[in-house]
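Take a look at the structure set out below.
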Amino acid sequence: MNPYVLAILLSSLGLGTTLTFASSHWLLAWMGLEINTLAIIPLMAQHHHPRAVEATTKYFLTQATAAAMIMFASTTNAWVTGEWDMNNMSSPIASTMIITALALKIGLAPMHFWMPEVLQGLDLSTGLILSTWQKLAPFALIIQTAQAVDPMLLTALGMASTLVGGWGGLNQTQLRKILAYSSIAHMGWMIIVLQYAPQLTLLALGTYIFMTSAAFLTLKTSSATKINTLSMAWSKNPTLTATTALVLLSLGGLPPLTGFMPKWLILQELAKQNLPITATIMALAALLSLYFYLRLCYAMTLTISPNTTNSTTPWRTQTTQSSLPLALSTTVALGLLPMTPAILMLTT
């Protein structure tokens, strides 16, 4: 892609998200979300492959539907209350519609069906943008409107997402689909604690972004999109393979890695709020996700690939990719657990 066009598209992505962050008026927030959607569409369709075009079309339709619902809900709210301000969501119908539309935007269950399909059709760098940056603007709106929404709805969305994210990834062999289900499960963890401690939602979102970035950048470095390609990665880059296994376990939420921190604090908060059954279901759903991360770890680090493979051998070519983002995101994804007391001081 032409670098000037790429620069315009990436700056439009940034502009859309910033507009939504800065807005207190529903129309401006809606405009930011639309700019965001329209900026990523050329990036998704840039390879002109039928699969990429199909993924782009699916993405566009779901995002346009969600944007139309947000527009309708905010108009309804303005009609009832007489103002477009986000903090004044006194109409329960409008606030429920808005949270449903935003759940569709970020791919929460049961509005998650587009997410694995779309991510599977994209290349890994665009998939990275879709899984991380594209979550920020809708999450800003969800955090601002969550207090006006029925708590049972948020709990149902959160629990459904963690369960669907866990079950859905068990049977997959495509790495991008596994990461899509992983994303759905993490979104569930963020939503479940939103009504009790929004700062923990932000913490979980931050750690999720770093861990997912590390996973996507690793796969991009080793050009892997299927599990059987991973089984040959250790002979090409043993150090990267070892750190990738740790990043995957961090995504699963095992101590002493960064991914344990948000899960631990969220379960602690749910226990504080006298919700032991919810906390137990969330912890058990995390085990489902952990199973498919362990499957990937097993394929990468605990198996020696057979001598006769059906997939093409990726030779040891010198990579031209920058390794700094990968190194940074991997370090953050593995080593932040000792910072928990400091983060607790900042969030309470």
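Placement of Cβ uses the backbone N, Cα and C atoms for every residue, glycine included.
The domain 'NADH:quinone oxidoreductase/Mrp antiporter transmembrane' annotation in TrEMBL covers 23-288.
The transmembrane segment annotation in TrEMBL covers 57-80 (among others).
According to TrEMBL, the transmembrane segment annotation covers 92-115 (among others).
If you look up TrEMBL, you'll see 152-171 (among others) marked as transmembrane segment. Through the fold, the transmembrane segment (152-171) approaches residues 96, 99, 103, 108-110, 112, 116, 146, 177-178, 181-195, 278, 281-282, 285-289, 291-292 of its own chain, all at least 6 residues removed from its boundaries and within a Cβ separation under 8 Å.
Long-range neighbours of the transmembrane segment (178-196) within the same chain, counting only residues 6 or more positions beyond its ends whose Cβ lies under 8 Å from a Cβ of the stretch, are 103, 106-109, 112, 115-116, 118-120, 127, 131, 135, 139, 142-143, 146-147, 149, 151, 154-155, 157-166, 168-169, 172, 204-205, 208, 212, 215-216, 251, 262-263, 266, 269-270, 272-273, 278, 282, 285-286, 288-289, 292-293, 296. Residues or ranges marked as transmembrane segment by TrEMBL: 178-196 (among others).
Marked as transmembrane segment by TrEMBL: 202-219 (among others).
Long-range neighbours of the transmembrane segment (240-257) within the same chain, counting only residues 6 or more positions beyond its ends whose Cβ lies under 8 Å from a Cβ of the stretch, are 182, 186, 211-212, 214-215, 218, 221-222, 233-234, 263-264, 286, 289-290, 293-294, 296-297, 300-301, 330, 333-335, 337. The transmembrane segment annotation in TrEMBL covers 240-257 (among others).
Residues 155, 158-159, 162-163, 165-167, 169-170, 172, 178, 181-182, 185, 188-189, 192, 248-249, 251-254, 263, 266-267, 270-271 of the same chain lie 6+ residues outside the transmembrane segment (277-294) yet bring a C-beta within less than 8 angstroms of a C-beta in it. The transmembrane segment annotation in TrEMBL covers 277-294 (among others).
Taken from TrEMBL, the feature domain 'NADH dehydrogenase subunit 2 C-terminal' applies to 290-344.
If you look up TrEMBL, you'll see 326-346 (among others) marked as transmembrane segment.
Remote same-chain partners of the transmembrane segment (326-346), defined as residues 6 or more beyond its termini with a Cβ less than 8 Å from a stretch Cβ, comprise 203, 207, 210-211, 213-214, 217-218, 221, 243, 246-247, 250-251, 255-261, 264-265. Computed over the domain 'NADH dehydrogenase subunit 2 C-terminal' (290-344), the whole-number mean pLDDT of the model equals 81.
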